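Annotation source Swiss-Prot lists topological domain 'Cytoplasmic' at 56-1467, citing sequence analysis. Sequence annotations record features per position, and here Swiss-Prot assigns phosphoserine to Ser450, Ser459, Ser1205 based on similarity to another entry. Annotation source Swiss-Prot lists nucleoside 3',5'-cyclic phosphate 2 binding site at 488-615, citing sequence analysis. Annotated motif 'GXSXG' per Swiss-Prot: 989-993, in sequence order, evidence recorded as sequence analysis. Sequence annotations record features per position, and here Swiss-Prot assigns compositional bias 'Polar residues' to 1382-1393. Taken from Swiss-Prot, the feature compositional bias 'Basic and acidic residues' applies to 1396-1406, 1448-1458.
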Amino acid sequence: MDVLEMLRASASGSYNTIFSDAWCQYVSKQITATMYMYCAFGLMGVLFLAWFMYFKRLARLRLRDELARSISSVTNSYGDLRGLRFRKRDKMLFYGRRMLRKMKNVSGQMYSSGKGYKRRAVMRFARRILQLRRDNMPLEMRTVEPPAEYLEETIEGSDRVPPDALYMLQSIRIFGHFEKPIFLRLCKHTQLLELMAGDYLFKITDPDDSVYIVQSGMINVYISNADGSTLSLKTVRKGESVTSLLSFIDVLSGNPSYYKTVTAKAIEKSVVIRLPMQAFEEVFQDNPDVMIRVIQVIMIRLQRVLFTALRNYLGLNAELVQNHMRYKSVSTMSGPINSQTSQSSRQATANGPPMVINQLNLMQSAASGLGMGMGTGTGSGVSVTVTRPPPSPSRHSREEHTLSDPNPNPDGSVHGTSNLFTEVHGDAPNADLFHQQQQSVGNLSTRRSSITQMTPDGSHTCPQAPGVTTSIDMRLVQSSAVDSLRKELGLSEEDAHIIEPFVELRELEPNVTLITEGNADDVCVWFVMTGTLAVYQSNQDATRAKQDKNDMLIHFVHPGEIVGGLAMLTGEASAYTIRSRSNSRIAFIRRAAIYQIMRQRPRIVLDLGNGVVRRLSPLVRQCDYALDWIFLESGRAVYRQDESSDSTYIVLSGRMRSVITHPGGKKEIVGEYGKGDLVGIVEMITETSRTTTVMAVRDSELAKLPEGLFNAIKLRYPIVVTKLISFLSHRFLGSMQTRSGSGAPGAPVEANPVTHKYSTVALVPITDEVPLTPFTYELYHSLCAIGPVLRLTSDVVRKQLGPNIFEAANEYRLTSWLAQQEDRNIITLYQCDSSLSAWTQRCMRQADVILIVGLGDRSHLVGKFEREIDRLAMRTQKELVLLYPEATNAKPANTLSWLNARPWVTKHHHVLCVKRIFTRKSQYRINDLYSRVLLSEPNMHSDFSRLARWLTGNSIGLVLGGGGARGAAHIGMLKAIQEAGIPVDMVGGVSIGALMGALWCSERNITTVTQKAREWSKKMTKWFLQLLDLTYPITSMFSGREFNKTIHDTFGDVSIEDLWIPYFTLTTDITASCHRIHTNGSLWRYVRSSMSLSGYMPPLCDPKDGHLLLDGGYVNNLPGHLWRYCRASMSIAGVFPPFCDYRDGHLLLDGCYTNNVPADVMHNLGAAHIIAIDVGSQDDTDLTNYGDDLSGWWLLYKKWNPFTSPVKVPDLPDIQSRLAYVSCVRQLEEVKNSDYCEYIRPPIDKYKTLAFGSFDEIRDVGYVFGKNYFENMAKAGRLGRFNQWFNKEPPKRVNHASLNEYTFIDLAQIVCRLPETYAVNTAELFSEDEDCDGYISEPTTLNTDRRRIQVPRAGNSLSFSETEMDSDVELDLKLERKMDKSTQSTPPTSSRASVRGKEEARHMDNWHWSVKHKVETASGATEATNAMIDQEQQHQQQADQGVGAEQLADKDEDKENRSSTYNETKN
């Protein structure tokens, strides 16, 4: 613009057009310049286009010329082509290829050009601008609901069976299994009774001789007290029965009783089926084996149901038996003069008045006793005169059974002794007779017997014992013992020769233990001749057991009484410990001898059972009317939701599942109950309706305890209330400690309070390639370090119970035998066959959990056999076990494919196997290999030990809390834990703990974990990368891209399912406002979510449901592809953005906001013992009290004025942070006070949250602190809770019985002389040897020491196959021959051996003879040979201790006598 023109214009006064003119001029110049430029570019473009078209046309002309030249050359070579024909086949081929080429071009254009191509290009550009990512989410686990049968009970019934017959069948099942002909015979005796409301079914003084089954209506059973009041015991509904099994024994033994206190009355119109007990008597006459089995079942029910319920749960011990002496006909040295038949002895026992044991009157029998042989007990000899006081009208066949009777002896002492003593001395005739007999005995100078005296405390002593054997002819004592035991067994005089060879005598000093509780070897029937025995039982109350380690006294056994009949009839171990209370003499018969007598005289079981019943207290008889024994098949419901709660249940065997139905119809598992658990007790006590439905997972047995009986016992015995309060307090305390973490939306099924302790485990192979036998051996080896365990295979079961044991006729015997094995072991392993055999189906029915074993590096497809497993056991929990060879160093991968193909699997395990598992060997070589492996100590850190602890409910969990850079201390603590020998079975973490825990679960090597953690910490110190990640702080300060990259580089695309150790992380779901537990999915994403601290990182969006997840420490700071959930667990709010879950879209933040130490979550997932490491920061609680109001200007003045004292007042961010961690602090306090968690906090408070550069220093602090901490725990004895199972010495043979010692004794088989199932088939014996390819002939095979093989097994020796057992038999026979040679070559010792030593040697020889006889009858059984070896060793020891030549000669003479007696008996 010209300045002069502007000045002129301004001088002329027209200022309004100056600026507009200048602007127009400037614009016109610019437009002109631009137009010239566009014209130049346009011209250049036209010239370029013309040149391009000319070039393309020139190229086309050149190509045409070349084609013409090539055609001309072809024409010149082959002549004119116009005469050639284009065949149809060639034409079709030519045009087909041409069309396909066009289709390819068209499809290529669709993906490379057009609208779709442009749209994708725009989307790619938008992602670059908006930092979006392509949706290439990895494979995720399918969320499949369990099948309906898993949570629903079976409702359908049996329509083919009439209701009356069905109720009849179910009711008499308590007597055992009856075959169809016998059942039909029993049905012929049934009667139908129609009762109106108010009618009596039976009342007091009515005969107790029937079984009543309610077909319709309801019956009330109540008792009458002495004061005239009544108390209801139970209400019998449709299908239930009213009977007393103890009365059943009374009727069969010929002593029918009457109802003393029990009455049954109809509540409404009812129809009742009556089955007289005499009907069983008719059946038993033709089928003695059925009688034996019924008596055995009744005794088993008495021990398992009555004693279990009253003792373990109600705290009753001494109240269950008669503490006073049972009055009966007793003879301490009775001879054949006063002997009676079995009928007379039984009637005298039942109907006779109280008897008094008087001293011996040997005046008249001394001479005859000296002159006659007493070997057989049939001649006359010395007898004991037993007198009775006059009958008392107040005492008859049985005393009154009422709960109102005074408690006889709660402390175990005999209060009734003084009364009995007063009866003896106070009654004139009896007192005179007593003194006369005493004087007559005192006048006997040449031969005196042991005088039984009654001391003031009620015990019976033998003043001259034990030296009395020097003055009494032992043959007279032997004859007296034979006659007494004959009467106790109900045998006649003619049957004395049957038991005489088996009766043994023993002199006891005070405090000599005859048998201990749980011992199955030394079971005998003991008869007290002189002195007193005391019966004890261990204290079931854990608190009292710690305070008082002595056993509890139950009752005394006085002269003339027997003990041991219960264990003899049940065939199980002794339930009591029996000791001598004073100098005593006893006569006893061993179990093997009793069973041999039983084969000839089956009815002795009635007398043995009657002896057990006589000892029981009136309380037990009344409980027998009320307690029910319930059998439930799989799927049957015990009770249903909203039903009335009038009883509680005790699980005797099997497994129960509790399911709650929500108002919307959704079902959820509440809990599971195993053997010994109490079900429904809370609803019964609070008198509320059932809150859940409880059903049987597998075939189960339960004891039903009615509310009426429970109330009656409470009123009579207040100790029951104390026991119940203690039981419920422990249950409520445990529920309070686990309540907070059980209801999380993200928690799986395992998060419910389900008991992960199994009694039976079935092992099923997926394919034939799975080495199932070595796998079972390895698992068995690891379980032996925890407790007694048993391994069962089809071969072992057939070896023990016979080849036809899986047939339907042997159902009772097989079931009882398996139940006995489960009772004796903490866990039983059922190794299934590779096909769906009868044994495999039995394993499915018996299993609490099924382990499906497969090879992790093979195909994940589901086989046909595996689908049948799910069909047969729909309600049984199934877990997948994947095996990996150690040599390949392979890591688990593709686990999601395995789980998605098997929606019925609830949990999976990765197991790293040693080389020997995958070595292909014959069955015999495998057994020989593991016979040596079992001698070694198992590795507590192996995957097999981890699986063993999970199955037994002893898993050890490690919880790592959040704390930023202070999390480096976790690495040092991990190293200290490893050096302390503490195994880690489960890992959970929050925030930085999620990262460190995931590294440990992935690598399991402390060196590799340290290196990766150090590299990640170094990346976090590179601030320039963090500066590049800054973004506009709307949601967070950083975008999170670089942070995600660091976590993804650490883990890669690994899923949580692929980790070696079970792992979980916890995040805060800000979409649903709760914490979430992640046990599957992308690892790095959920670790990132758990580290998303608010304000720094944006929440992670959960890809499952779209929820926003933050750091889980906000709610619980100690708790797909792995890195995603690690990233989600580290999403610090405000620093990193929340992580969006790829499954549901929820936003996830750091888990520290809800639970910074999720030990409660770990406990709910099944960990029994937990180590929780907290590295979080601690808030300052010492704040300034500024009054009612606060001025910010005053705070500013205090802050900037250096001459004033500083004040501690939280600022706004600090207040927001404290509010966010309110839930976390409360959760942390509950964890510190729990009894299942060991809370540890290293001294790392001086380090800041972002001090990642001090990684090594913080790690060393954690290591030093952890090492000292665990050393102090070991010194204090508190470290055993984490590795107590592996500090035991190798189990010894004497403490762990072999397989045959645990064999179920079927008395019915003994009585009816069924074919022996122990016989070895020669063809079967060598069939397996042929498959061994000659390995059995190796010299190391037959030289294996049997005892060396049995040393390492804490359980039973069921883990050997038939071949190995047969080799043991051969070895036993060789050892036996060596023993015989060594015994014969033993030189005689000095002739000064005492008479007592001679008698003990004779008794030992008697034992040896009985075992020898058992070997002959068992036809080579392993049990007999093992017992024979033991007896031969004891025989050898006895000979070494000083048995002279005279003693050996006497023993040889006794051998010949007994052998001749045995031959006569056998003929």
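Keep in mind that glycine also has a Cβ here, set from the backbone N, Cα and C atoms.
The structure displayed is predicted, hence computed values, not measured ones.
Taking the features listed in Swiss-Prot, we show where each one sits on the structure.
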residue	record	Cβ contacts under 8 Å, 6 or more apart
Glu488	nucleoside 3',5'-cyclic phosphate 2 binding site	Val525, Phe527, Ile562, Asp607, Gly611
Tyr536	nucleoside 3',5'-cyclic phosphate 2 binding site	Glu517, Asp551, Met552, Leu553, Ile554, Tyr576, Thr577, Ile578, Arg579
Met568	nucleoside 3',5'-cyclic phosphate 2 binding site	Val523, Cys524, Val525, Arg591, Ile594, Leu608
Ser1205	phosphoserine	Lys1198
Residue counts (helix, strand, coil, in that order) that DSSP gives for the motif 'GXSXG' (989-993): 2 helix, 1 strand, 2 coil
Which of Ser584, Gln600, all binding-site residues, has a Cβ with the fewest other Cβ atoms inside 10 Å: Gln600
Cβ-Cβ neighbours of Met552 (nucleoside 3',5'-cyclic phosphate 2 binding site) (radius 10 Å): 20
Predicted model, mean pLDDT over the motif 'GXSXG' (989-993): 89
Cβ-Cβ neighbours of Ala520 (nucleoside 3',5'-cyclic phosphate 2 binding site) (radius 10 Å): 19
Per DSSP, three-state class assigned to Ala520 (nucleoside 3',5'-cyclic phosphate 2 binding site): coil
